[in-house]
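Taken from TrEMBL, the feature active site, glycyl thioester intermediate covers A:92. Look at TrEMBL and you will find A:4-154 tagged as domain 'UBC core'. Residues annotated as domain 'UBA' in TrEMBL: A:161-199.
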Ligand SMILES: [Zn+2]
Ligand SMILES: [Zn+2]
Ligand SMILES: [Zn+2]
């Protein structure tokens, strides 16, 4: 790893650890290996959003050319959000692409991701299905995102209705996560989800 | 890239830290409007990728970058930093602006060249001294020398071969010319003229000599002396066709009547000053060429000229 990247990450790692957000348990970062090329990030779902109460794990890969190029970040925790792929966890956020600036840090990245959870940008989507639902059926989107937060990120709000529907599909031999994706994509319409799963 | 912040004594103001590398500013430049400061190498690397300020993304270009204000430079210069070679035992703490000077002479620099003290005579970076093995090193040296020697020998053999070839061709050419000369009178006249011109040209390259003591003349030089003179003549460009004749004429047995014995030499002593003599470089000897001395009588001159060797007295 280039000297400059290592020097930066070491310092930023300390910066995050010492930051007030850590004190408030809002963001966290851990080393994955000794040479600072990979880190594990964690952000708390912001209040008054469907992600509230959840903890979201991030994979952070630091390129050799850091900080001249942004870190490669994706969600490990599955999440229902217009700018984050529900399949791969890939993130669509300008500062992780062409709007990156060398003075930005791990802390700014984590805080920006937290901000993204508070304010989705459905017109610049990563996940077209989620974005469509977000725009056309806000209530359904909210419920679905809450459900995903509950299941994958340890969020508090249990949705009995959704859980039952998934259970039915699982009893029919469908993989639980596949069932959840299908139901989420069809606004929890059992009939259409089943049709898609068995077609 | 800036200096690692942990190398400094006490706290370093955030103002003095490069937002790109997070080290203390090294050779800093600042953006024109926002005045954000960065290490020269850091900001140039960034601008080569995109023309923005890395802090606020205002548009900036390389030519707009300015030196930072004197006050900032002074603050940096006064910071106290440890030596780059601290991990190798240097305990010096220096003002940042004297670091470079110190590094040039720091005795803890692991790459500083030191002579081996076990006698091999090699000069080695300090950090390699520990594992240094004179015999091994010298052996490697011998091996490379041997390689070189082999290469030279091969080259020499090749040169020799071409030389032999060329000699053979030259001989052929000479024989051919000789035959032409014999069979064709016009050719003979041309060749003779060419030879005369060659001697004249050579004579013009030689420096006039003055003999101050004619009494030092050696009329019967020995073989060794003759060989020495011959070699010098050849080296200074003496045409090959007169070289042997000239050397024959360094001994009184081949000298003209006016010079060939002690008696005649006594008689003609006063004529010596009339000779036009040429210097034989580095030797106590002169060349008296026929072409330079047409004014001398048959008594005192022979073709193609004389070589006079002296014990001393040539200027
Ligand atoms: Zn820098
Ligand atoms: Zn030193
Ligand atoms: Zn040695």
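Residue numbering: from 1, along the chain as shown.
Just so it is clear, glycine is given a Cβ too, placed from its N, Cα and C backbone atoms.
Note: TrEMBL annotation is automatic and uncurated.
The structure displayed is predicted, hence computed values, not measured ones.
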Remote residues contacting the domain 'UBA' (A:161-199) - C-beta distance under 8 A, at least 6 residues beyond either end:
78, 80, 86-87, 129, 133, 137, 140, 143-144, 147-148, 151
C-beta crowding around residue A:92 (active site, glycyl thioester intermediate), within 10 angstroms
18
For residue A:92 (active site, glycyl thioester intermediate), which of the three DSSP-derived states applies: helix, strand, or coil?
coil
Taken over the domain 'UBA' (A:161-199), the predicted model's pLDDT averages 94
Residues in the domain 'UBA' (A:161-199) per DSSP class, helix first, strand next, coil last, are 30 helix, 0 strand, 9 coil
